[in-house]
């Protein structure tokens, strides 16, 4: 299972970075989305993958029994997902403003954006 | 009193002149002189124990881990230099009071002067290498301030800049050298370093260390080829020249060489570099000094020459030459300072320094003339003065050394030649200024200066005489002490008597005098000869070099930063790739020892779908909507992966965010161009693909390496204490709102700020709405399809119910404020989509900014609430209650915090999406602002 | 017995997912692609519930609930986009 996961993460990263390097503004946004997904998966996978044992304390017990998944990376990834959404929203609106100035979907023309 | 007061008193005394400048010039000078005077008294009090052979040591810990401590060390050499610095400093303070005119800012001048004094004392008293370097740089800076004191003159500014650049560059080399020394020896402490001479000399890096340290010393002491800054520094006021450029700052390099003598000297390399540089400087300085028409220029080159002499002596690698060097340090400081002061008096009283115009001043200022003549005679090496004694020792040393093998006879010959020129320019100083006819066209009528202006000169000249006649009594013990600390051991036999009999050194002195006078008499021919050479202006060469350097740097920067965002991203990613790949190459076994999980088919197919979705997004990216769909697929598979591998909270969050993101992109996509022009450059495609592929591969490898290794996690604490300490069974949620509540607070604050920023950006947005869709067909006229409206209307209460349910159970089951907030906002957005803005406006009047603010406020107040119970911010509390019919349930204050989070998420998301949606309607924020 | 049936069903749902993706990439018309995405959502609901039954825990059913609701919303938004271009009017 591990090599498959590593492969998937690597592929996602490659796709994300390729999109971010392109000339179009919209591709940059798509690349950002892929990048946030890829990063979340990376952290999630690195923490170790356990099947079927979510970090919940069973009814009536004081501590989880047996081996459960690691709750701390999950909390961090949750924060990351929400903040990535915020960043994405900001980036989209910002890119739209830049597009208004440059009037073309081309990052190469975006060398001077002082209005 | 401790040793550290000696440099500390002048440091504190830096503010004294600034504060007391209103009391008038004499009082200002008096108050300024008090801290150095106290320091001098303290030094004299400590002197006897140093004379007994003790090395006084005082240390304060500063950064123990880095080996840095504030250490002060007083031994013989330090005592000698400290006496020079403080003594001559006090005399300069007195002198400057009369030299500076009424329009100069005397308080500021004294402040800079005392600052320099502190820095110089810091250098000589430092017991730690890095501390020494720190004070070294401080002298560069304070000398810059002093040289450029008359900042209205452009040559002062240029000279100061040149001095700072050269000495600064030398300081950088010195730092490198000192760091190397510290690394080799293992400590930055001076006592340890001084004891490890052999270790250093035999180390493989010894030549590098030597060159670096000597670079620092040579730039500061104006040795060839770095000597050119000193004449240009003569644009400073004369008290500065008297203090810095004769007695103290230029001697700092010499001090460094003397200080490191027991550690670095004694080798072939030291001899070669140091003595050859010294010899060249000696001759060059003496020769050029003769041709200078400016009084201070002559003295500057003479200083260069004498410093070359001391350097030559230090380079000769014998013990006696070291003693001679120390002796000449003392003598040179005394007579050169007095000469500069005399030159300053002449300048002050007659208004010019040009020796072609200054003639016959003997009639006008006989007293000053006498003093100057004695000092100049000492410079020339006339018997019965101190200069003669050290010159004799110098000649004796050059005769005794065998450093150049069979060519060693050249050294005494060249030394005598240097002495010839020395006599010549001294004679010029005396004769051309005070005799030789009438003054030509002077701005002021010269007369004797005020009484107290001559006092420092008198004291110094008296010392010259006394040292010349009774050397053993006055300076013998001090010389012995200083030489002992330089040599680090036994002193050789030497005699300080003024008469050694008719021997070769005496002959050499006599020849030098004769030769010098002959040359001076025939100087016209020499001047004519010299005028054939073009005069190299060091300033021009320096400026040219600096400008070339600046242009080179600009060219490099233009290549790297040409304004293209793609270039920056590319370079950033390239750097990240290199940093990531480096350690991975060193890692030999990627696969760790963790037992691997068996493959199950569903996950395999999920991974395949993920890969296919990602690749499809990349390939199909020219059609916006399609890549958006494939992005949704990727998001869906990721959330399924989260669900599969035991992260239910994450799965829920990912799903909600996925949908919200899709709606956001749909909203924004409408206003962006529907298709991209084709990228024109295939080379760029290959470049981007290869970089992306490489990074993906490296990260995949890192991930694989990380997954297969066992990890030590701190989550045990959270798992143990979730129920008992936080009152909830959903550990992830308890971590979010309780254990790491501060992080969550920051996170919702960020979300709120982003939403507000977006709102502000949206207000000024201008829109380009396409009038047809991507295929060229016109839009449908049906604004709100009826079926959608009805179904959505019944969806809303259900969605809100689910949202509240998930919110309430968040603490114990997967759920929580984030997910509930996202569900609520999705539900409301659905209403916007189905019914339109007008419909919603009538029914739902919420100000989303207020929602964000109230959410943040509630979260903050919950945190502050725990202050009332004497606990830190955001400590949670929980207890069990029981209600009739409901039964026992548990309430935690974290739920109120979660409520704050909920409100913020709803408000922020709606603020973004609703306002983006309203742009095309009459309720757009811009319209509202204009109304 | 149930476990074997669940395994078989999950296999078939996976095949369905793959076919959906194929249609998403291939589909000549945009409506085909949106339908394919919606069907993928439904298939994921099935997969999650099967997984919950397999594990014997009701934890994941809320996830299924959410997929159902949110899938509907996203499909509706996409269709509105096709229809009018401007989602919120």
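Placement of Cβ uses the backbone N, Cα and C atoms for every residue, glycine included.
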### Task
Choose the correct range: of B:625-645, B:709-729, which one does TrEMBL annotate as transmembrane segment? Give that range.
B:625-645
### Query
Can you check which of B:6-26, B:27-47 TrEMBL lists as transmembrane segment?
B:27-47
#### Entry: Most Cβ pairs under 8 Å with the transmembrane segment (B:242-263), selected from B:108-127, B:367-389, B:748-767, B:788-808, B:889-914
B:108-127
### Message
Six or more residues beyond either end and a Cβ under 8 Å away: which residues meet both conditions relative to the transmembrane segment (B:108-127)?
### Response
3, 6-7, 10-11, 13-18, 28-29, 32, 35-36, 39, 57, 59, 71-74, 77-78, 81-82, 85-86, 89, 92-93, 96, 100, 134-136, 138-139, 141-143, 145-146, 149, 189-191, 237, 239-240, 243-244, 248-249, 252, 255
### Task
May I ask whether the transmembrane segment (B:788-808) has at least three C-beta pairs under 8 Å with the transmembrane segment (B:846-869), counting pairs 6 or more apart in sequence?
no
### Query
If you count Cβ pairs under 8 Å, which stretch among B:409-427, B:651-673, B:748-767, B:889-914 touches the transmembrane segment (B:788-808) the most?
B:889-914
### Task
Could you pull the average pLDDT for the domain 'MrpA C-terminal/MbhE' (B:684-773)?
85
